[in-house]
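Enquirer: Let me give you the structure first, and then I'll get to my questions.
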């Protein structure tokens with residue numbers, strides 16, 4: 001991989017004309033250097049245009065964010081909107097109605113547009129002002145673009161990103177563009193190296209050229225970044241610890257080798273490389289300083305939970321910690337050199353609930369089982385995450401699948417802790433789990449939703465999706481009146497905490513989503529009576545045998561004074577009912593966390609409910625992913 005302007009220092013045909021490689025175009029020819037100077041000038045101009053385009057893209061997000069704040073202020077104003085305010089609000093709602101919808105291959109239409117614009121900017125900069133008389137000119141430009149995107153993807157990966165304030169998008173919500181930028185940079189790097197290799201080979205100087213120290217460094221950088229991409233695309237799905245170690249180690253090797261590939265301090269290419277490295281190092285130092293500061297006299301109590309869960313309770317509350325945000329937890333008793341992100345679902349004391357998968361989470365659960373209630377040295381980096389202020393809304397609809405409840409319980413507790421006697425808000429809380437035992441993970445939070453002074457403003461619906469093996473085995477009406485079923489449109493839940501993107505400490509593999517299933521009703525209870533009775537659920541697992549029906553029953557008896565329904569929630573109907581029952585002069589927040597199928601239903605349903613003549617509707621999705 002040759003550098004974007006290395007030909008001016010290495011003295012060998014990186015540019016040239018149609019007669020490149022001839023003696024008249026050797027390094028001592030003044031025309032040779034004049035050609036390189038002109039090429040570098042055009043490349044730098046293209047980079048300025050590209051940088052302006054990226055800055056413009058960021059400016060659009062900044063403008064959109066602050067415009068939304070203005071729209072919210074207009075919506076909540078008791079004064080009539082007027083001839084200017086009404087179309088302004090209507091236009092904003094129509095735009096969001098279109099942008100938040102799910103489209104194939106992307107989380108939303110807005111995401112698709114963003115990626116399209118980003119790729120268009122790259123294509124423009126890759127071919128703008130490129131002389132077509134030599135393929136080395138294209139190789140040099142692709143090298144410039146790889147460096148530009150190297151700096152951009154590092155900026156997107158910063159945990160302490162300024163965009164969290166300017167656009168309300170924290171690092172995990174920028175992950176989609178971070179991944180696209182990473183793959184784009186890698187493709188440009190491959191094109192840069194491949195075209196230069198073909199060019200040198202055509203001149204008969206391939207072995208001589210690639211024996212130079214700068215080119216050896218380029219080859220090392222190329223293989224290092226190849227390992228980064230391989231780890232991100234493959235390893236992270238199977239072995240997170242190996243992925244993370246490979247990702248970070250190879251990234252460091254790659255950025256250092258790139259610096260040795262361009263060794264002149266005054267060169268723009270070297271400056272870009274140094275800028276990317278400086279951003280990454282600065283962010284790491286900030287994070288490490290937080291971990292050190294929060295480790296002073298700090299401990300965490302570990303409690304095992306049924307079905308592979310672990311509760312982590314911190315002794316000290318980190319600054320700015322609030323339910324719904326997430327922190328990177330450091331537990332040296334489990335892993336000395338690793339931090340892992342988990343969502344806060346209780347603010348004082350700070351609590352996390354972790355589902356055991358593999359690696360760290362499995363070791364954490366095993367330690368808690370062997371030492372229940374043990375206190376271990378702990379610290380955190382964070383909190384991170386951005387979401388709409390729930391106190392700005394009149395109704396909050398919270399929907400979770402499995403471990404996504406760490407986020408929705410966090411928001412629910414966030415609201416209840418801040419409500420006063422004068423507060424008039426309603427909370428609709430919907431949670432679906434596979435097993436009844438999972439409900440006990442958040443028993444304290446469920447009790448809080450039932451016993452809080454504002455519990456009359458909270459409507460809780462719990463769903464247990466794992467049922468007998470076939471619908472023919474389901475208990476009939478009267479056999480078990482405590483189990484109920486509802487028609488479903490969402491996917492199977494995944495009992496993993498919401499995860500962070502590439503370069504974050506996560507454990508779970510990407511979930512496999514099965515097709516939605518529908519179950520017949522098992523019986524109807526009086527909903528008023530159901531809300532006040534303690535429900536003791538017995539989940540029976542049955543299997544059919546060729547010789548007859550053999551029933552194996554596993555009983556779990558956890559008491560929850562909330563209605564528990566068997567089957568999956570019809571998320572679309574529940575969201576529509578909540579929004580349609582809200583007056584047009586009020587605002588509704590729909591917040592969800594769970595598997596892709598659930599998020600798709602939530603997005604599409606909520607988007608259609610953003611209407612100019614209806615209540616103000618805001619959507620926030622915490623997606624399972626990296």
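Each residue, glycine too, has its Cβ placed from N, Cα and C.
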Enquirer: Given 242-262, 263-283, 284-304, which one carries TrEMBL's transmembrane segment label?
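Expert: Spelled out, TrEMBL records transmembrane segment over residues 242-262, not the other listed ranges.
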Enquirer: Please find, within the list 109-130, 307-328, 329-350, the residue stretch that TrEMBL describes as transmembrane segment.
Expert: 109-130
Enquirer: Taking 3+ C-beta pairs under 8 angstroms (sequence gap of 6 or more) as contact, is the transmembrane segment (109-130) in contact with the transmembrane segment (242-262)?
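Expert: In this chain the transmembrane segment (109-130) does not contact the transmembrane segment (242-262) - fewer than 3 Cβ pairs sit under 8 Å.
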Enquirer: May I ask for the residues of the chain that lie six or more residues beyond the transmembrane segment (216-235) and have a Cβ under 8 Å from a Cβ within it?
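Expert: Residues 1-3, 179, 182-183, 185-186, 189-190, 193, 210, 242-243, 246-247, 250-251, 253-255, 257-258, 260-261, 502.
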Enquirer: Take the transmembrane segment (49-71) and find every residue of the same chain, 6 or more past its ends, with a Cβ under 8 Å from one of its Cβ atoms.
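Expert: For the transmembrane segment (49-71), the nonlocal Cβ contacts are 88-89, 92, 114, 117-118, 121-122, 124-125, 128, 145, 148, 152, 163, 166-169.
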Enquirer: Counting only residues 6+ away from its ends, which parts of the chain sit with a Cβ under 8 Å from the transmembrane segment (142-159)?
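Expert: For the transmembrane segment (142-159), the nonlocal Cβ contacts are 1-4, 43, 46-47, 50-51, 54, 122, 125-126, 171, 174-175, 177-178, 181-182, 184-185, 188-189, 191-192, 195, 255, 258, 269, 272-273, 275-276, 279-280, 283, 286-287, 381, 384, 501-503.
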Enquirer: Run through the domain 'FAD-binding FR-type' (278-390) and tell me, per DSSP, how many residues are helix, strand and coil.
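Expert: Summed over the domain 'FAD-binding FR-type' (278-390), the classes give 32 helix, 44 strand, 37 coil.
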